[in-house]
Amino acid sequence: MSFTVELIISVLLVIGSVFVLIGSIGLLRLQDLYVRLHAPTKATTVGLGSILVASMIYMTFVQGFFSINELLITLFLVITAPVTAHILAKAAMHNKVKALERTKNMDLMRTAREQLPPEKNQDVK
Amino acid sequence: MLDIAIIFVAISLCIALVLNLWRLLVGPHIVDRILALDTMYINSIALILLHGMYNRTSLYFEAALLIAMLGFVSSVAFAKYLLRGDIIE
Amino acid sequence: MSMLARLVPMPLHSFMLLIVWLMINASLSVGHILLGTLLGIIIPLLCAPLKVPQPSIKKPLKVVSYVLLVIKDIIVANIEVAKLVLGPMNKINPGFIAVPLDLKDNFPITVLASTVTMTPGTVSAEVTKDKAWLYVHVLNMPLDEQELVDVIKQRYESRIKEIFAC
């Protein structure tokens, strides 16, 4: 394996791990549940995608033929991560988890819980 | 160089897993815990793939795929249970 | 022709099953292609009664440009989220907005909600019963809320509308 390929794989791996780490730091540091949902869904998915691309390149060079099956995991995660985030936000709302004090338009949570459209005076803020 | 990179990445993934575990233990609400568990699933997929790269084998790919599928299904099932427990549906 | 249509009720799904089977096994041998074709015929036949009618993709070429746009936005989103996560916590001003939907069917709304979740600083939280509003949680609220609603509507919803031609 040439030096350039090793460099590309290492850089991809390090970028991926940094993003995964940022996702976990965000999970620990951010202040309320709704804000906390943002970090793992975005950062961790892209971090894992980067690690998977690195693994794909590495396996291609180790095995000698194009290794494509890591792409399946990436695709699966990109499809499922938003679904998990959406259903968790939904569960949090219906369980009346409190949002931060400074959250704007907090009264929208009340109508969202009932799956009703926002009331007129709510929308004007 | 690749070996050093793999070890560095493994260390940072383990730190990330410990941070998730911390959130899993302290999480004020049950939804926090589900979110932390879901993130732990994704991090462990990365760790398994890294182990495969370290041993120069693609044997662990199926395990990673299975964890991805089971993790998604179990997170959705937990959230669905929480939804059913309340007024909606 | 009707015989073929009855045998293969979902041609796109059959083709995707074949591709995924070949990707799982990472081979292009004749045996795997035959087995994948068999699975691609049998599984849609078993699943055909479960099918809910969905609008089909009318313009496949637009899908490619849409996917590229979303990938670009995902990368930008991550850098922004990373900056916010590592920065001071007091600077983050979260908020909720309600986006009016022009799309009517389930599948396009699902695509829009997933896109909104993966792109900068927004997570879709709830769809109303009449499928007319999408509630979105925003990580860092800009001063003008209407601007964000317009971005979601023009950047993503109009393109999805073009793809499904509805």
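Glycine residues also receive a Cβ, built from the backbone N, Cα and C atoms like all the rest.
The feature transmembrane segment is assigned by TrEMBL to A:6-28 (among others). Residues 36, 38-40, 42-44, 46-51, 53-54, 57-58 of the same chain sit 6 or more residues outside the transmembrane segment (A:6-28) yet have a Cβ under 8 Å from a Cβ within it.
Here TrEMBL flags A:48-66 (among others) as transmembrane segment.
Per TrEMBL, the feature transmembrane segment maps to A:72-92 (among others). With a threshold of 8 Å between CB atoms, the same-chain residues lying at least 6 positions outside the transmembrane segment (A:72-92) that come near it are 33-34, 37, 41, 45, 48-49, 52-53.
Beyond its flanks by at least six residues, the transmembrane segment (A:48-66) meets 1, 5, 8-9, 12-13, 15-17, 19-20, 73-74, 77-78 of its own chain at Cβ-Cβ distances under 8 Å.
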